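Heads up, here are the entries from Swiss-Prot:
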type	residues	note
BINDING	LYS264, ARG273, CYS307, LYS308, ARG309, LEU310, ARG362	GTP binding site
BINDING	ARG317, ARG342, ASP368, SER373, GLY374, TYR375, SER376, GLU439	5-phospho-alpha-D-ribose 1-diphosphate binding site
BINDING	GLY438, GLU439, PHE440	uracil binding site
REGION	26-230	region 'Uridine kinase'
REGION	240-465	region 'Uracil phosphoribosyltransferase'
Amino acid sequence: MEKLSNGVRDHCLISDYVSPSAPAPLKQPFVIGVAGGTASGKTTVCNMIMSQLHDQRVVLVNQDSFYHSLTKEKLNKVHEYNFDHPDAFNTEVLLSCMEKLRSGQPVNIPSYDFKIHQSIESSSPVNPGDVIILEGILVLNDPRVRDLMNMKIFVDTDADVRLSRRIQRDTVERGRNIQNVLEQYTKFVKPSFDEYIQPSMKYADIIIPRGGDNDVAIDLIVQHIRTKLCQHNLCKIYSNIFIISSTFQIKGMHTLIRDINTTKHDFVFYADRLIRLVVEHGLGHLPFTEKQITTPTGSVYTGVDFCKRLCGVSVIRSGESMENALRACCNGIKIGKILIHRENNDGRQLIYEKLPKDISSRHVFLLDPVLASGYSAVKAITLLLSKGVPESHIIFLNLIAAPQGIHALCKKFPMLKIVTSEIDSSLNEDSRVIPGLGEFADRYFGTNNINSKVSSLSTNLKLRS
């Protein structure tokens, strides 16, 4: 969607299907970086993605908008200026604008006039979108810019095709003659491509050959984006988080177990149902091999045979509530136990552990229904690693998780898989999950009534004395 008027490239364009005055999205946007050599078809790829995401608010940011304005001395020698070098861009302003868009703030992005080689301030703010596409030859070169992206794309097009497109674009749209274009290409464009642009291809998640002519690649990219847009923000950051598909039935069960007025009997019943779903989902992440069997009709059925070397490890007390569901799904499974004592807000002490002797050769389901700060989980996972369990063989199962706990685990153990049914908002000052469901173990095992009776008895004794 590249538009040029009097040599000025529009700094940021919003999908024609949505009004620019639409309110900013509440969820963190999905950021896509599209890089490639000059005239490789980056803009065409961006246009195709935007047209297929017509039901989403899409913002396109061009790296060309962030060129430095040239001084009089540089203007006099403009043909000696390398526009394809990283130093030609004002990356600090680019980073500032992208951070504001990602945080849901409107921002003024400059435009760049290629005829006078000056940056022009924008008078109208650009609102953020559900999807932000950052396009430019060097958007994958700077690690600070790469870190802002959820998906990185490199458009790979033949050098001869890129040169012919560049000649046509610069002569028709930017008022240059063919000789100057060829001189600039030989002196700056080609060397910069070899030194900076092509090496950045290694950072791309997806490489698109033939650019906009590759309809299959564009369709697959759009499908992936749509999937990510439906996910929680943390799932866009960490690929090892898996949330079971939310339905009205699952939402209804969450409503019941979170309700303070729910009886113990109902709490246990619906918690067990949710735990069973989480366990079943976790089993789907185990390795498998193809297996052929014969059915009672004499037909051959090609299916799969799941990993047999599996065990569970429950974090006492609340983790024990998940053992029955695991046993119901995996008959005869070995289950170990870990007891971790909380010393203070961020301290944990291992009190007890009893694990299968051959645990290092097994895949492990770590069981704890609530992931809060993540300190206990880190302690438990560290113990499993010390026993020789590969990090990639650990699947952490829980019902609800707080963002703080997810960050703590995923940053420390990137090969670990986390399977949960919902991600909650945050933690309060007492490190309890909000909105949460209270003390899970007390509600599940019925010990909250015992605690209240002990507290009441203690109060009565004090009053009598």
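Positions of Cβ are set from backbone N, Cα and C atoms, glycine also.
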How many other Cβ atoms sit within 10 Å of the Cβ of ARG317 (5-phospho-alpha-D-ribose 1-diphosphate binding site)?
17
Looking only at C-alpha atoms, tell me how far SER376 (5-phospho-alpha-D-ribose 1-diphosphate binding site) is from ARG362 (GTP binding site), rounded to the nearest Å.
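Computed Cα spacing between SER376 (5-phospho-alpha-D-ribose 1-diphosphate binding site) and ARG362 (GTP binding site) is 22 Å.
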Taking only the binding-site residues ARG317, ASP368, GLY438, which one has a CA atom nearest to the CA atom of LYS308 (GTP binding site)?
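It is ASP368, whose Cα lies nearest.
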What three-state secondary structure does DSSP assign to ARG342 (5-phospho-alpha-D-ribose 1-diphosphate binding site)?
strand
Could you measure between ARG342 (5-phospho-alpha-D-ribose 1-diphosphate binding site) and LEU310 (GTP binding site) for me? Cα positions, answer in whole angstrom.
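Cα-Cα, rounded: 28 Å.
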Taking the Cα atoms as reference points, how far is GLU439 (5-phospho-alpha-D-ribose 1-diphosphate binding site) from LYS264 (GTP binding site) in Å?
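Cα to Cα, GLU439 (5-phospho-alpha-D-ribose 1-diphosphate binding site) and LYS264 (GTP binding site) are separated by 12 Å.
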Determine the mean pLDDT over the region 'Uracil phosphoribosyltransferase' (240-465), rounding to the nearest whole number.
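87, rounded to a whole number.
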Let me know the largest Cα to Cα distance in Å among the GTP-binding residues LYS264, ARG273, CYS307, LYS308, ARG309, LEU310, ARG362, as an integer.
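That value is 36 Å for the farthest Cα pair.
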Fewest other Cβ atoms within 10 Å: which of the binding-site residues TYR375, PHE440 wins that one? Let me know.
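Fewest other Cβ atoms within 10 Å, among the binding-site residues TYR375, PHE440, is found for TYR375.
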Using C-alpha atoms only, work out the spacing between LYS264 (GTP binding site) and PHE440 (uracil binding site) and round it to an integer in Å.
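Taking the Cα atoms only, LYS264 (GTP binding site) lies 11 Å from PHE440 (uracil binding site).
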